[in-house]
Amino acid sequence: MEEKEFNKRITNATKWSSLTQVVSKIITPLTNMILARILAPEAFGVIATITMIISFTDMFTDAGFQKYLVQREFKNVKDKYQSANVAFWTNFILSLFLWAIIILFNNQIAMLVGNPGLGIVIVIACIQLPLTSFSSIQMALYRRSFDFKTLFTVRIIGIVIPFLVTIPLAFFGLSYWSLIIGMISMQIFNAIFLTLKSKWKPNLFYDFKILKQMLSFSIWSLIESISIWFTVWIDTLIIGYFLSQYYLGLYKTSTIMVNSLLALVTAAIVPVLFSTLSRLQNDNNKFNSMYFKFQRLVSVLVFPMGVGVYLYSDLATQLMLGNQWSEASSIIGIWALTSAIMIVYGQFCSEVYRAKGKPKLSFLAQVLHLIVLVPTVIIAAKYGFWPLVFARSWIRTQFVAVHLIIMKLVMKISIFKTFINVLPTMISVLVMGLFGYLLIKVSDNVLWSIISIFLCALIYFGVLFLFPKMRKEIMSLGKGVLPQKVSKNRS
């Protein structure tokens with residue numbers, strides 16, 4: 001593949017991936033913003049535990065096959081489609097098996113996750129498991145071919161369905177059932193649409209030799225996914241078990257809203273980054289250069305978003321969740337700040353490991369983090385909800401340190417260069433943060449807060465554009481993402 005053509009495909013993929021994530025991350029939080037004004041935190045707490053169970057079982061049904069299909073260099077189309085068939089049938093059979101286990105032990109599972117009496121609710125919600133088998137493999141094949149335009153269509157229609165279904169049902173008083181029905185509706189659409197549209201369709205082919213080959217790569221990806229699951233959901237499990245559904249709903253809804261906001265940037269980048277780095281895995285210079293470029297450009301938006309939400313957490317809470325969620329302000333602020341640090345310095349490291357065919361490193365990083373995370377969260381929970389919130393937020397910096405050390409020792413990527421690479425954005429956001437802090441002291445009026453946010457943005461980009469390299473890259477990216485006619489008119 002010619003380098004020019006490859007870069008063009010990357011830019012096009014980034015454009016459609018970004019557009020998909022921007023639209024979806026606007027509609028989904030908008031849905032949550034409306035629902036937060038209708039439903040009580042307890043309803044969101046129930047959904048959090050159901051999502052936790054589904055995500056856990058999804059790991060085993062997927063078994064890392066999506067990542068395998070994206071990264072693997074196949075001999076031809078036939079070889080690729082045969083692997084897709086093996087992945088699909090393995091996924092589908094495991095989904096039915098795990099759903100059957102959930103049906104048999106639904107009451108025990110409900111007790112374990114802090115939702116006694118809701119076993120049947122969990123059973124019905126988990127019908128999504130076999131449905132995802134009909135969409136996950138096709139999505140992986142589209143990502144592999146950089147066809148993010150098709151994924152854009154699927155994603156947008158898929159998120160509009162629960163928007164139209166969930167909110168009306170919530171108005172009729174269906175509480176958490178409105179959320180469950182919305183999720184199931186989305187999965188049904190994805191299964192039907194992608195199966196009909198995809199060039200690859202499931203057939204009765206199966207080969208255990210191919211399965212063995214896939215598992216040799218995917219088994220470590222699966223083990224890593226399990227460790228990631230514990231990292232992501234350990235706080236949910238502990239809050240649900242030791243505290244109450246109210247606090248679980250308060251905590252999980254707050255963190256989800258922050259994650260959704262930051263995902264406007266990260267969710268668009270990660271699929272493209274992994275696909276790009278996978279193709280460059282045999283050229284270390286280009287590989288490292290591409291990684292640093294992605295990190296640098298992501299920091300341009302993530303740093304000011306994290307610091308901005310931290311400074312204006314009261315306003316952010318009021319806008320995203322409403323006045324009745326005022327307790328969530330502190331959660332939203334601290335989670336946004338630590339998320340920005342985590343994303344820029346640590347989140348993309350796992351993509352580097354996998355792109356190099358070394359998923360074991362990601363698992364190692366997760367284990368080293370869990371050794372510290374689990375006792376920290378358990379001990380903090382004994383002191384109450386708020387100690388747990390702050391301990392859980394700041395302990396992520398230890399995870400960043402683990403990633404940086406592994407990147408240095410194994411991947412030979414300098415820790416010093418990792419920090420220097422984003423120094424312009426770091427300096428700019430520190431200036432912005434200081435300026436914003438002083439503006440907040442002037443008044444806590446909502447109108448003044450909105451005005452000061454715009455002033456902070458001007459200060460940030462004003463300082464950032466003083467760095468010639470950053471100015472050039474941002475302008476170049478803008479030309480690549482904007483339609484050609486717009487770019488020509490501007491030039």
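Glycine residues also receive a Cβ, built from the backbone N, Cα and C atoms like all the rest.
What TrEMBL says about a protein is an automatic prediction, not a curated fact.
Per TrEMBL, transmembrane segment is recorded for 43-65, 86-105, 117-140, 152-171, 177-196, 217-243, 255-274, 294-312, 332-349, 393-411, 418-440, 446-467 (among others).
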*Give the one range among 43-65, 152-171, 294-312, 393-411 whose Cβ atoms make the most pairs under 8 Å with those of the transmembrane segment (217-243).*
43-65
*asked:* Does the structure show the transmembrane segment (152-171) and the transmembrane segment (86-105) touching, where I'm treating 3 or more Cβ pairs under 8 angstroms (sequence separation 6 or more) as a contact?
replied: no
*Intrachain residues whose Cβ lies under 8 Å of the transmembrane segment (294-312), provided they are six or more past its termini*: 258, 261-262, 264-266, 269, 273, 332-334, 336-341, 343-344, 348, 418, 421-422, 425-426, 428-429, 432-433, 436-437, 440, 449, 453, 456-457, 460, 464, 470, 473-474, 477
*Intrachain residues whose Cβ lies under 8 Å of the transmembrane segment (86-105), provided they are six or more past its termini*: 53, 57, 60-63, 65-66, 68-69, 122-123, 126-127, 129-130, 132-134, 136-137, 140, 202, 205-207, 210-211, 214
